[in-house]
Each structure stands twice: as C-alpha cells, then as structure tokens.
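A quick write-up on the structure given underneath.
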Amino acid sequence: MGASQSTSQAPPRALHVLRVTPASPAAAAALEPFFDFIVGFRDAAPAGPDHLPASTPIDAAKLEHIVESREGKTLDLLVWNSKSQATRVVPITPSREWAQRASSSAAHDANAKPSLLGLSMRMCEPELALDNVWHVLDVLEGSPAEDAGLVPYGDWVIGWAGGVLAAEGDFYDVVEAHIGKPLRVYVYSYDFDTIREVVLVPNREWGGEGLLGCVFGSVPSPALCFTC
C-alpha cells in the first residue's frame with residue numbers, strides 16, 4: 001500500500017471514510033472505515049488541472065473530478081490513519097466493472113451510476129471525528145447485547161449504519177429510535193484490531209435493565225458511564 005509517513009498532528013480537514021463496499025476498488029486498496037481519512041492525492045506527472053499536491057485541502061467535488069478523470073488508471077491517494085497517526089500512499093484504480101458485476105445478479109436502479117471507488121465519505125475535522133465512541137464495559141446475561149456478541153472491555157461502538165455518533169447523546173437517541181427493530185452498529189475490537197458490523201435489537205422485554213443490557217463508557221470522558 002506504499003510507505004507511511006509518521007505525523008502526530010491530524011490534518012485540519014479531510015474526507016472521512018465511513019463505509020467500504022465489499023469487492024470494490026476501495027476494499028481492494030484496504031481502506032479502513034472510520035479510521036482512514038483521505039487528505040489528498042499524489043501525482044508524479046506535471047501539475048495540471050487535476051493535480052492535487054499533498055498540502056492542498058481536498059473536498060468531495062475535487063476527489064470526484066480526479067476519480068472520474070482516472071477511471072481505469074491507478075492513482076495514489078494520500079490517506080491519514082487515526083490509529084497509526086501516519087499518512088500513507090494508497091494506490092487505487094477507479095472502475096465501474098465491480099459494481100456492474102455485483103448488480104447483474106441483484107435488483108438495481110437502471111439509471112443509477114455505478115460507484116468508481118465503492119466508499120462513503122463525509123468532510124470533517126479528523127481531530128474531532130471520533131470524539132464520541134462508546135466503550136463496552138459490561139454485558140448483562142440474556143440481554144440483546146449478549147445475543148449480539150458484544151465483548152466487555154474489548155469492544156468499542158464507533159458508529160452505526162447512519163454514520164458516526166457526533167454527540168454524547170446520539171447513541172442513546174439512536175437506540176431509542178430502534179426499539180423492537182434491528183440496529184446495525186459498527187464495533188471496533190481492540191483485541192483483534194478489526195471492525196465488524198453488529199446487529200442489535202433494543203427491547204424492554206428481555207428481562208433486565210435497559211434496552212440493550214449493556215454498560216457503556218463514553219470516550220473521551222471515560223468517567224461518564226451509563227446502562228442502555
């Protein structure tokens with residue numbers, strides 16, 4: 001995936017990678033949801049209208065223009081990772097072929113334009129992007145959290161199908177809105193350094209305290225704990 005350059009300082013603005021579609025160019029390039037931020041684009045060719053030096057801020061419109069112009073050709077994305085605190089070069093080849101193969105056996109909108117990269121992003125300040133994640137401290141027996149396989153102390157809820165959790169109360173609000181309905185959350189495992197999708201079904205009928213039967217600690221405020 002190219003060399004990494006260590007830097008302890010987060011970039012001021014970047015495109016936050018939220019989801020990576022399986023079998024897509026983004027998946028083949030090993031882009032990591034939630035922890036990766038696209039900060040720029042590197043090109044060995046002479047500067048031109050779609051040349052983006054590392055020091056130039058990137059936004060969704062610029063990236064879309066660059067990706068469209070490089071369909072079928074390898075381009076180097078500059079990606080900062082919040083875990084390693086390093087920027088690396090990620091070669092990626094924009095293509096629609098993967099989406100066309102996937103849609104051949106599934107219902108799809110004939111007018112929809114296939115994605116060239118297969119990822120979802122949002123513009124953000126990386127330093128604040130994961131301010132509100134939830135550390136699993138305890139899981140009650142027989143609870144929805146236990147049924148979903150949440151692991152005390154090893155798991156962190158870092159987002160849900162609707163995106164990141166931008167404020168301290170967001171997770172509780174999302175859980176309340178999904179009583180009796182499947183809630184897809186993204187969970188980071190500290191033990192295995194992996195992200196997995198977990199389906200929770202909040203309810204009050206499981207026989208214990210809370211909708212999930214799980215004690216969470218808020219980060220960056222570990223002292224703030226609550227049962228959900």
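The backbone N, Cα and C atoms fix where each Cβ goes, glycine too.
In the three-state DSSP scheme, His16 (Zn(2+) binding site) falls into the strand class. Sequence annotations record features per position, and here TrEMBL assigns Zn(2+) binding site to His16, Cys124.
TrEMBL lists 13-126 (among others) with the feature domain 'PDZ GRASP-type'.
As a whole-number mean, the pLDDT of the domain 'PDZ GRASP-type' (132-221) in this prediction is 92. Residues or ranges marked as domain 'PDZ GRASP-type' in TrEMBL: 132-221 (among others).
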Around His16 (Zn(2+) binding site), how many other C-beta atoms are within 10 angstroms of its C-beta?
23
Long-range same-chain neighbours of Cys124 (Zn(2+) binding site), Cβ under 8 Å, sequence gap at least 6?
Arg13, Ala14, Leu15, His16, Phe37
